[in-house]
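Features of the protein shown, as given by Swiss-Prot:
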ACT_SITE  E253  active site
BINDING   Q11, E70, S139, G143, T144, S178, N205, N227  GTP binding site
BINDING   E70  Mg(2+) binding site
SITE      Y448  site 'Involved in polymerization'
Amino acid sequence: MREVVSIHVGQAGVQIGNACWELYTIEHGLSPDGRLSDDSPSKHDDGFSTFFSETSSGKYVPRSLYVDLEPNVIDEVRNGPYRSLFHPETMITGKEDAASNYARGHYTIGKEQIDVVMDKVRRLVDNCNGLQGFFVFHSFGGGTGSGFGALILERLSTDYGKKSKLEFSVYPAPTLASSVVEPYNSVLTTHTTLEHSDCSFMVDNEAIYDICKKNLNIAQPGLTNLNRLIAQVVSSITASLRFDGSLNVDLNEFQTNLVPFPRIHFPLATLAPIVSVDKAGHESNSVAEMTYSCFEPGNQMVKCDPRDGKYMACALLYRGDVVPKDTNAAVALIKTKRTIQFVDWCPTGFKLGICNEPPAHVPGGDLAKVKRSMCMLSNTTAISSAWSRLDHKFDLLYSKRAFVHWYVGEGMEEGEFSEARQDLAALEKDYEEVGMDSADAEEEAAEY
């Protein structure tokens, strides 16, 4: 088996985790306490043992780890409807939180907890026959997500160097912010994890708020609405690991097809169709329509305009009632559209995946039940605008050295700030260079 261990760090990581495992149990016909129902699609297909391990009593337990430096969020899981799904030992909480401070999560408070966490990771790994890799869910802006998330990735890199490490990161939104020091935490965590993470799927809250408001007509989206939408994306990405399909995509294949250079590993996620229950009956939702709507900025999980950039690689993951003939026709149609530009050194650029299991529907959720859906993961140079926005906010704060004393007081050196900022400047430059046409790049090289 090719197992995957999911690690959910901090409030954002844990709450996205709740939405994901809720959806996985529905997809595989598991009850909230981890037992297979009689009409479950997974009765004859053991593919989902990549994400669940079976106990001797026939119960299925998620291969997951919940970690937070303060107890409140995980206590909700311990007392919630899925409390008997998770193994109690895979929920680790500290006594005091990281207070939105990267340095607390990474150095002071994080140091006390990291060995406990790595011990639990080792137990989960020992329980696997052929571990494929790790999924780490965290936010960039919080203290635990940024600091402790980075620390865990560093340790995973040391202990399990050859295994894939994929991140699912909540990126700071352009105008919404959950804390003043978000830019600091985000720049520091990106700098630390850049060399340790193989592929990082980003979502930002503002983009998802807008999707909930525009496509799903939710006047005031709450975190549950956002997380359930993110869970659909995660589920689409992992579906081919959990179900059989006519064109399966492996964890390593994501990297091979989406990451042209090690540092440029931040694909954009887009989901289609995102339709509310009252609109669903009026839409045909053909493969071509779905594919086309994935290239619309309105369906994207990060605020940036792909029309301003060029695509380097693109993975189209279909689920449900889809045949290869339709997907090939849809891709051929996309290639004729002039608005979608690929870099000239990567002419083909499309990777397809098809999973036969239709998308699941959360009872009482916002999304309508559909026969087919798709998720597009695209590595585009447009995402560099998100980095430059973040860097600008960092510069405004750092020019006055505002709030820096909180970080230095937790044992960080001020030099780390400038080092991290330089690394991100280099990342912006990397994106600029890969987006250049080969001819322009040669001219520029000649000038040096």
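Cβ coordinates are placed from backbone N, Cα and C, and glycine is handled just like the others.
Feature map: annotations from Swiss-Prot on the structure.
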{"residue": "Q11", "record": "GTP binding site", "contacts (Cβ under 8 Å, 6+ apart)": "D68, V73, S139, G142, T144, G145"}
{"residue": "E70", "record": "GTP binding site", "contacts (Cβ under 8 Å, 6+ apart)": "T93, G94, K95, E96, D97, A98, T144"}
{"residue": "G143", "record": "GTP binding site", "contacts (Cβ under 8 Å, 6+ apart)": "G10, L69, D97, A98, A99, S100, N101, Y102, R104, G105, N185"}
{"residue": "S178", "record": "GTP binding site", "contacts (Cβ under 8 Å, 6+ apart)": "S100, G141, G142"}
{"residue": "N205", "record": "GTP binding site", "contacts (Cβ under 8 Å, 6+ apart)": "V170, A173, L176, L226"}
{"residue": "N227", "record": "GTP binding site", "contacts (Cβ under 8 Å, 6+ apart)": "Q15, I16, N18, A19"}
{"residue": "E253", "record": "active site", "contacts (Cβ under 8 Å, 6+ apart)": "K351"}
Taking every pair from Q11, E70, S139, G143, T144, S178, N205, N227 (the record's GTP binders), the biggest C-alpha distance in Å rounds to 22
N227 (GTP binding site), DSSP three-state class -> helix
Ranked by how many other Cβ atoms lie within 10 Å of their Cβ, the binding-site residues S139, T144 are led by T144
